[in-house]
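**Student:** Just lifted these from TrEMBL, have a look:
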- B:21-203: domain 'MacB-like periplasmic core' (DOMAIN)
- B:305-423: domain 'ABC3 transporter permease C-terminal' (DOMAIN)
- B:451-640: domain 'MacB-like periplasmic core' (DOMAIN)
- B:687-801: domain 'ABC3 transporter permease C-terminal' (DOMAIN)
- B:20-41: transmembrane segment (TRANSMEM)
- B:303-322: transmembrane segment (TRANSMEM)
- B:355-376: transmembrane segment (TRANSMEM)
- B:396-418: transmembrane segment (TRANSMEM)
- B:438-462: transmembrane segment (TRANSMEM)
- B:682-704: transmembrane segment (TRANSMEM)
- B:737-756: transmembrane segment (TRANSMEM)
- B:768-791: transmembrane segment (TRANSMEM)
Amino acid sequence: MIELKNIEKYYSSKGIKHYVLRHVTTTIKQGEFVSIMGPSGSGKSTLLNILGMLEEPTYGTFEFLGEDVTSLNERKRIELYRNHIGFVFQAYHLIDEMTVYENIEAPLLYKKVGSSERASRIANLLDKFNIVAKKDLFPNQLSGGQQQLVGIARALATQPSIILADEPTGNLQSAQAEEIMQLFQKLNKEEGITIIQVTHSEKNATYGNRILNIQDGVIKEDSPTQAPQMGGVV
Amino acid sequence: MFKLNLKIAWRNLWKNKVYAAINIGGLALGLTAFVLMLLYINHEESYDTWSPDLKNVYQIREKHDFFTPDNKEHWNEISNSRIANLIRTKLPQAFAVTKVDNDWDFSSVYSLKIDNANPVVINKIKDSDSSFFHVFPYHFLQGSADKALENKNTIVLKESLAIKLFGTTKVLGKTVNVVRWRSDKGSPLTITGIVADPKTPQSLSFNAITRTGDKDKDPENPTNNNYCFLYAKLNKLSDTLVINQTLQKLYIDLKKNLLGGQKQRYNDLYKDGKLPGLKLIPIETVHSTPPYKMNWFEKLKPVIAISAFLLLISVINFINLATAQSVQRAKEVGVKKVLGCYKRQLTWQFLIESALQSIISLFLCIILIEVVLPAFNSQFNVDLSFWHNAQLLTMIAQLAGLFVLVTLLAGLYPAWVLSNYNPVSVLKGNYENVLRGIALRNVLVVFQFVISVTFIISIGIMQMQSRFMSNKDLGFERGNLINIKSNYEDNFAERLKKIPGIEYVATTTQVMGNTFNVPEEVKYKGNSINLNTVTVTMDALPALGVKVIQGRIFSKEFKQDTVNTVVLNEAAANLFGKNIIGQTYGKVDWEGKTNIFQIVGIIKNYHNEGFDKSVLPTVYKVTSLGGTSNTNNLLVRFNTSQYKDLINKIEKQWKVLYPNFPMEYTSLDDVFSKSLEDNDRFMNMIILFSIVSVSLSLLGLFALSTFVAKRRTKEIAVRKVLGASNIQIVNLLNKSFLILVIVANLISWPIAYIIIKKWLDGFAYRIDMPVFPFFIATLISIIIAVLTVSIQARKAAVTNPVNALKYE
Ligand SMILES: Nc1ncnc2c1ncn2[C@@H]1O[C@H](COP(=O)(O)OP(=O)(O)OP(=O)(O)O)[C@@H](O)[C@H]1O
Ligand SMILES: [Mg+2]
């Protein structure tokens with residue numbers, strides 16, 4: 001579903017190009033659970049942002065669902081956000097002025113989902129993530145792990161085909177992190193949602209089925225995970 | 001979506017209560033000032049719009065130089081009464097023409113006597129002819145427009161006057177006795193109609209219209225002319241351009257006729273491009289085109305500018321605070337964008353938030369208006385009302401327009417800034433390039449302070465000028481002096497002189513409050529000198545308490561004073577030259593004879609008009625040689641300041657002689673305060689507006705510094721950990737604002753100088769431009785700005801750095 005060809009990204013300052021990504025060429029298929037790893041500053045976030053169309057590569061082509069999306073206008077990009085892509089952030093980025101319920105509802109409103117459909121989907125998600133009791137609370141009344149659950153519920157509300165997560169457990173304790181990772185794995189296996197996450201933790205990476213290792217902007221290694229629990233691609 | 005946005009807007013306002021209160025309160029104040037102006041403008045524009053039939057009603061204006069204040073030709077509201085007949089007979093388009101009394105400043109009240117009750121003084125009773133209600137479409141509650149003034153000795157009352165006099169409008173057929181001056185026998189007039197008070201003001205306002213018969217005919221002698229208001233009603237769809245051309249021709253014929261058919265005299269009078277002139281103007285334009293005076297709009301211009309500035313200041317606060325707040329909102333924008341929200345939708349969301357605030361301000365403003373309107377009405381001598389307003393619908397439409405305008409002005413820029421945030425940088429937690437609009441914000445803060453500092457400088461200088469005026473030596477003693485509205489009559493004057501405590505009883509044509517200028521040209525040593533002539537009685541100059549500079553003033557000891565002596569004021573003396581006591585000059589009278597006058601004294605200039613006009617070169621004379629004038633002044637000087645009892649005694653004498661006309665008088669102290677009133681009123685308003693504008697600017701600065709301090713919390717914390725002292729932190733925050741305030745001061749100096757110079761130039765007697773207020777204004781603005789910012793900065797400085805670092 002994702003096809004990157006020779007992606008390059010550099011920032012130029014004082015006439016010197018500082019490369020962040022070089023010759024990145026890879027394919028990610030529907031239903032894969034990919035973990036991007038690498039040292040700090042190696043370009044992981046940049047790559048994920050490009051995948052999320054938040055940044056444009058300086059060179060190369062990017063195809064999403066068979067369509068060239070290297071540079072898109074706002075309308076098309078937002079169409080993709082509404083229908084295909086869900087984001088999960090390290091800092092959760094819930095909207096502080098909205099309740100849990102409203103946060104999950106927001107993307108559905110943008111997508112113009114009907115109100116009864118909306119209500120049932122949200123109820124479903126709240127139920128699934130065990131946060132029904134929290135639905136009228138504001139983000140600052142939740143723990144970090146709970147906030148991240150809401151963040152994931154929000155990303156899932158529009159039933160996207162892919163989730164992009166930049167260090168989703170970076171701010172969490174290991175128990176909570178584990179819970180999130182299991183959730184991801186479940187979503188990937190049972191619902192066939194493609195997941196691409198950036199992570200620093202070897203352990204987290206094992207929940208996925210493929211690891212991209214980046215160093216200095218170059219993909220150094222692209223390998224399936226050795227985990228015994230790995231199942232087949234759905 | 002809309003509902004959710006509204007909800008979020010509300011939660012945001014709630015979260016930033018102080019900021020929202022400043023925004024909304026400030027905007028409400030700005031709006032209030034502006035809406036008051038709107039109300040006032042609407043009121044002024046509504047003159048003579050009370051009936052659709054007024055579309056065909058016109059005032060006639062004649063170009064002439066009779067009774068004009070500067071003795072030059074003007075288009076006058078009062079015209080030769082013969083013109084009415086001219087139009088009636090020669091202009092077929094005219095449906096009806098009517099003549100109406102004009103207002104004379106010094107004899108505007110009549111005394112009304114009903115049966116044997118005490119006489120009541122009523123103003124604005126105007127004499128007219130039978131056509132008045134054919135021209136003006138007044139609505140008759142009793143009687144009818146056709147019949148009301150059919151006969152002589154009739155009177156039509158306005159509903160309000162009927163209620164005031166009788167308590168009812170059912171008074172047809174009753175008789176009222178109208179006494180027009182103190183020794184008038186009075187004419188019994190029959191009430192033949194009651195008309196409703198129109199909803200909007202009238203340029204020709206009256207309490208009652210009488211038809212005594214005086215206006216029915218013109219003077220027989222062609223050299224005698226009566227002047228009065230003339231109004232005509234034209235047939236529908238008359239082309240005034242064509243009619244005015246016809247009128248001009250008719251008028252020239254009339255002029256030639258009146259001048260005895262002698263072509264020569266006509267050509268004599270109208271040479272050097274001077275032309276007789278006659279025209280019709282639509283009645284709606286009468287109020288806005290007063291002859292030889294500023295119209296209301298000209299007068300209001302500075303006030304309009306000031307209230308617009310005030311609104312602008314509050315809008316600027318709005319913009320500044322909204323953009324300053326944007327850091328808090330950046331994350332929301334970033335997240336929403338990746339959730340699939342269009343930029344357009346975000347723009348709308350932020351506009352809705354502005355709209356929410358402006359609508360609250362608008363409601364507050366309506367409440368505020370209700371509260372301040374009584375004070376405003378008494379200040380400006382109007383009777384405005386918001387709800388009981390004939391133009392309530394217009395007003396609501398204007399408010400809606402204002403609401404949209406303010407929302408767009410205040411909300412568009414912040415909405416644009418906010419919705420333009422790039423999600424990547426925001427979500428990375430990188431706010432630095434989010435802080436757009438800092439330059440603009442600085443410009444706006446400077447702009448606000450320019451306005452405020454200009455206001456402060458202006459108040460200072462205006463205060464100095466008005467202190468100068470109220471302390472200025474008037475050249476006469478205004479205390480213990482009253483002016484009775486009456487001509488000098490020996491019988492009455494002698495009775496008064498017998499009352500102990502009364503020093504002088506006299507009359508003059510020139511006294512503060514009622515000045516009548518009669519120009520004349522005299523010949524002195526072969527030169528022509530233009531002077532203003534004032535007729536006085538022997539005691540007038542001592543009664544006024546003028547100061548003699550040279551020679552003497554009039555006295556009974558000198559027989560010659562009733563023959564041909566004159567006293568000059570300094571201004572006049574300067575025109576004559578030196579050593580002029582005892583000298584004589586000549587003046588040619590209207591019969592061609594030269595009269596010789598001898599100068600016996602020079603007095604110090606004394607003021608008889610506001611300080612905006614310089615004292616005219618004036619000659620004072622007791623003698624009737626060369627003509628006299630009489631203008632309803634009776635000066636009475638007491639030798640005590642406890643003269644209340646004395647006035648009662650005077651009134652007793654008055655009642656004996658003139659039982660049917662109440663006595664009216666003013667003290668010269670009151671007249672003087674009244675002459676300063678316009679200026680005081682203007683100043684009070686400027687002061688009020690300045691205070692509001694300065695406080696709004698400061699509130700804005702206060703809120704802005706809060707946000708800046710908040711934004712820099714982390715920086716401050718880090719600096720503190722690195723060892724900065726609280727003072728250093730406060731200075732750090734102050735510095736950026738201080739520069740803005742100083743820049744603002746530098747800009748406002750020349751602006752204030754130009755504006756104030758123009759204002760001062762309007763006074764013939766004024767102070768020199770002082771520099772002191774400029775420095776004071778700068779000092780004040782810097783001190784309060786520093787104080788305002790320091791409060792916030794201190795708060796930021798003393799917080800424990802750990803708190804800040806932990807949460808960022
Ligand atoms: N706007 C920018 N201008 C210049 N350089 C940038 C910009 N944004 C990112 N970079 C550079 O790009 C490089 C890669 O950044 P990126 O955020 O992708 O790293 P990362 O792999 O996600 O690191 P981390 O694990 O610390 O999050 C860094 O060296 C950074 O300095
Ligand atoms: Mg990163």
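Backbone N, Cα and C define each Cβ position, glycine as well.
Quantities reported herein were computed from a predicted structural model and do not represent experimental measurements.
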**Student:** Could you pull out which residues elsewhere in the chain have a CB under 8 Å from any CB of the transmembrane segment (B:355-376), counting only those six or more residues past its ends?
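**Tutor:** Contacts of the transmembrane segment (B:355-376) (Cβ under 8 Å, skipping residues fewer than 6 from its ends): 6, 9-10, 13, 20, 23-25, 27-29, 31-32, 35-36, 39, 318, 382, 384-386, 399, 402-403, 406-407, 410-411.
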**Student:** Among B:303-322, B:438-462, B:682-704, B:737-756, B:768-791, which stretch has the most Cβ pairs under 8 Å to the transmembrane segment (B:396-418)?
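**Tutor:** The stretch I would name here is B:303-322.
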**Student:** Counting only CB pairs under 8 A, let me know which of B:303-322, B:438-462, B:682-704, B:768-791 has the most with the transmembrane segment (B:737-756).
**Tutor:** B:438-462
**Student:** Where else in the chain does the transmembrane segment (B:438-462) make close Cβ contacts, counting only residues six or more beyond its ends and a cut-off under 8 Å?
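**Tutor:** For the transmembrane segment (B:438-462), the nonlocal Cβ contacts are 309, 312-313, 316-317, 319-320, 323-324, 413, 683, 686-687, 689-690, 693-694, 696-697, 700-701, 704, 737, 740-741, 743-745, 747-749, 751-752, 755-756, 759-760, 767, 769-770, 772-774, 776-778, 780-781, 785.
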**Student:** Within the same chain, where does the transmembrane segment (B:303-322) have neighbours whose Cβ lies under 8 angstroms from its own Cβ atoms, ignoring anything closer than 6 residues to its ends? I mean 6 or more beyond.
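**Tutor:** Sequence-distant neighbours of the transmembrane segment (B:303-322): 19, 22-23, 26-27, 29-31, 33-34, 36-37, 41, 350, 354, 357, 406, 409-411, 413-414, 441, 444-445, 447-448, 451-452, 685-686, 689, 692-693, 696-697, 699-700, 703-704, 707.
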**Student:** Would you list the DSSP helix, strand and coil counts for the residues of the domain 'ABC3 transporter permease C-terminal' (B:687-801)?
**Tutor:** 98 helix, 0 strand, 17 coil
**Student:** Mean pLDDT across the domain 'ABC3 transporter permease C-terminal' (B:687-801), rounded to an integer, is what?
**Tutor:** 82
